[in-house]
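One structure below.
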Amino acid sequence: MDGRISGSTQLLGLIGDPVAHSLSPAMHNAALAAMGENYCYVPFPVAPKHLAAAVAGLAAIGVRGFNVTIPHKQAILPLLDQIESRAAAVGAVNTVYPLPEGGWAGTNTDIDGFVQPLLGLEKGIPTLILGSGGAARAAIQGCLELGLGPVRVAGRSPNSLLALQQTWPQVETVNWAELNCYLSQTRLLVNTTPVGMHKPGSPAGQGLSPLSREQLGLLSPGAIVYDLIYVPDPTPLLRMAAELGHTPISGLEMLVHQGAKALSLWLGGKPVPVEVMRQAAQHQLAQV
């Protein structure tokens, strides 16, 4: 698309609350322009009480697909006509597409985005995931699909850890106070907690890290440290990891690749310019 909207322009979008700071519109519209596709990706702020009406409305106006972000990733499940098995396992949907017979299907491209930077890793790498919330569920599913393991999850909520083990019995859960015992065995560390995130307009979170430098020093030499946070870039966790000789991976990779997977799905499997999406996201981040 050349930037001009016509009567035949197709709509894609994002629903969430809020959506003002999302990088997705910049990423998707840059890719669509580079591909010459007559589509426009629009963010739609949708309050929880309006979710059902919004999902029906998007179908009514012929939207060709949409992403789902906080706080709707779980709440949207009963509103969909079909849910892919991996999304059902994770208990969350972030990408919705229309079924040929009508209605909506949901999948979870967060899993695809998460695994992309890890493709090529040997199987059986001991993995420790920090956090037991929704992001941890996508990370667990991704690690298991890659054949990594043992996969351990460290969290502070016994109930959340129990729920994870009920979904994935092969995953070992660890009380946060005991995680130091497992660091020396860890070759892949994944942070799914929000600790260290910088929110626009607020200094809170700057300088924070879920693990100390001393704890990072206990990791297996040359470990991979993957922080799902991408603001600031690098995060304190990744900066310290790099200084200690570990391999850092930014959460921006997950964001870009989940978006690319979703866009390809909406466009019938066409290849998507990932680098264009990455550059658009980085440019948008530089404005924050």
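Even glycines carry a Cβ here, placed using N, Cα and C.
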Of the candidates GLY102, GLY103, GLY106, GLY251, the one that Swiss-Prot places in the NADP(+) site of GLY131, SER132, GLY133, GLY134, ALA135, LEU228: GLY251
Listed in Swiss-Prot for the shikimate site shared with SER22, LEU23, SER24, THR69, ASP110, TYR230, one of ASN38, ASN94: ASN94
Inter-residue Cα distance where the pair is THR69 (shikimate binding site) and GLY251 (NADP(+) binding site), in Å: 16
Residues near GLY131 (NADP(+) binding site) in space but at least six apart in sequence (CB under 8 A): VAL153, ALA154, GLY155, ASN191, THR192, THR193, PRO210
For NADP(+), whose listed binding residues are GLY131, SER132, GLY133, GLY134, ALA135, LEU228, GLY251, the greatest C-alpha pairwise distance in Å: 17
